[in-house]
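Okay, structure first, notes after.
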């Protein structure tokens with residue numbers, strides 16, 4: 001049943017000239033300066049960490065598959081934070097929230113979902129890499145060839161962008177209520193769906209389908225890989241060998257738990273449980289804190305990344321001396 005004051009489907013609800021108002025943190029006026037400084041510092045550190053990893057791996061002439069995937073993951077994280085954080089920072093500089101156009105909101109949602117989905121698929125590719133390395137070590141070089149890694153990376157991006165496009169089109173074809181105030185700091189799917197003028201669960205079906213394709217299916221594939229890895233490690237008699245094999249999976253496991261934990265809480269739930277204040281807090285962690293933690297986890301737990309970073313710093317020092 002349409003709500004009072006709704007726009008019809010062929011009216012301004014699908015008009016590209018319509019603007020949305022992102023309320024952001026307008027209820028926290030006294031903390032705006034502090035939040036702006038914290039967000040800015042976290043954003044700059046995140047960018048610096050991911051750029052450093054991306055450049056270090058790019059400059060390495062021989063890149064093993066895990067480094068190749070980490071390079072792509074850093075590139076995705078760079079784009080991911082640039083899509084969300086600048087607009088969030090802008091919303092903190094104005095009192096009543098910042099405006100975003102209909103097309104701009106749709107583009108931001110599409111890129112956010114596509115990049116998040118690409119990360120999910122890339123985590124599957126990385127789990128497959130660990131599975132082959134531990135369960136089929138003699139065939140690792142032949143199986144994880146450069147061509148296969150490149151095809152997996154391209155498939156991750158194309159698949160996620162296709163699913164995100166379908167979800168974005170489905171959401172922005174809905175009739176919206178007269179109020180175009182989005183109680184969030186970016187055009188997140190639940191926040192925009194909350195404006196839809198319908199009492200049925202039909203608008204949530206595209207989101208549910210996207211969650212199955214981008215969250216549930218990749219998670220099951222990662223789980224299957226780690227079940228096989230655990231079965232293989234149980235057959236290893238040496239505790240040192242078992243510990244060494246598990247340590248190569250630690251960074252991937254930590255990233256997977258961080259990514260899927262927040263994403264599951266945000267998107268796999270009914271529209272009736274939507275809470276703007278709670279969602280904004282979780283989104284802050286999801287879009288600011290976890291991208292900051294990723295480079296730290298790579299550099300602290302991954303020996304290959306530490307080695308590449310040391311080489312890059314050595315080259316820089318040598319260049320300065322010359």
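Glycine too: its Cβ is placed from the backbone N, Cα and C atoms.
Among the features that TrEMBL reports, transmembrane segment is placed at 33-59, 66-89, 109-128, 148-172, 207-234, 246-269, 281-300. If you look up TrEMBL, you'll see 49-298 marked as domain 'G-protein coupled receptors family 1 profile'.
Same-chain neighbours of the transmembrane segment (33-59): 25, 67-68, 70-71, 74-75, 77-78, 81-82, 85, 88-89, 92-93, 288-289, 291-292, 294-296, 298-299, 305, 308-309, 311-312, 315, counting only residues six or more beyond its ends whose CB sits under 8 Å from a CB of the stretch. Ranking 66-89, 109-128, 148-172, 207-234 by CB pairs under 8 A with the transmembrane segment (246-269) puts 207-234 at the top.
Between the transmembrane segment (281-300) and the transmembrane segment (148-172), the number of CB pairs under 8 angstroms, six or more residues apart, is fewer than three, so the stretches are not in contact. For the domain 'G-protein coupled receptors family 1 profile' (49-298), the predicted model reports an average pLDDT of 84.
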